[in-house]
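Enquirer: Take a look at the following structure, please.
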Amino acid sequence: MKTLLLTFLVVTIVCLDLGYTLICHRVHGLQTCEPDQKFCFRKTTMFFPNHPVLLMGCTYSCPTEKYSVCCSTDKCNK
């Protein structure tokens with residue numbers, strides 16, 4: 001009986017972990033990422049000279065541009 005309960009506990013823990021989704025900051029608020037999006041990012045880009053634009057959110061892969069940050073824990077891209 002104890003073995004059955006232990007097995008049930010392990011299966012429950014594994015199943016709960018499979019449903020985890022990452023939460024990232026956006027410029028305004030939070031974003032719940034899609035299951036395949038494993039990273040949060042923050043990057044600053046210049047669309048016009050002397051006018052930096054901040055981009056934040058979920059991503060499938062880390063950006064490689066200069067002035068970018070990539071991380072993989074909840075709300076890590078503030």
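Glycine is treated like the rest: Cβ placed from N, Cα and C.
Under the heading disulfide bond, Swiss-Prot lists Cys24-Cys40, Cys33-Cys58, Cys62-Cys70, Cys71-Cys76. The signal peptide annotation in Swiss-Prot covers 1-21.
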Enquirer: Any idea what the Cα distance is from Cys76 (disulfide bond) over to Cys58 (disulfide bond), rounded to a whole Å?
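Expert: Between the alpha carbons of Cys76 (disulfide bond) and Cys58 (disulfide bond) there are 11 Å.
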Enquirer: Find the shortest Cα-Cα separation between Cys70 (disulfide bond) and the disulfide-bonded residues Cys24, Cys33, Cys40, Cys58, and name the residue that gives it.
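Expert: That would be Cys40, nearest by Cα distance.
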Enquirer: Mind giving me a neighbour count for Cys33 (disulfide bond)? Other Cβ atoms within 10 Å of its Cβ, every protein chain shown.
Expert: 18
Enquirer: C-alpha of Cys33 (disulfide bond) to C-alpha of Cys40 (disulfide bond): distance in Å?
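Expert: Counting only the Cα atoms, the answer is 9 Å.
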Enquirer: Per DSSP, to which secondary structure element type does Cys76 (disulfide bond) belong, with helix, strand and coil as the options?
Expert: coil
Enquirer: Cys62 (disulfide bond) has how many other Cβ neighbours within 10 Å of its own Cβ?
Expert: 15
Enquirer: Rounded to the nearest angstrom, how far is the Cα of Cys24 (disulfide bond) from the Cα of Cys62 (disulfide bond)?
Expert: 13
Enquirer: Can you tell me the three-state DSSP label for Cys71 (disulfide bond)?
Expert: strand
Enquirer: Going by C-alpha positions, which of the disulfide-bonded residues (Cys24, Cys40, Cys58) is nearest Cys71 (disulfide bond)?
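Expert: Checking each of Cys24, Cys40, Cys58 against Cys71 (disulfide bond), the shortest Cα distance is to Cys40.
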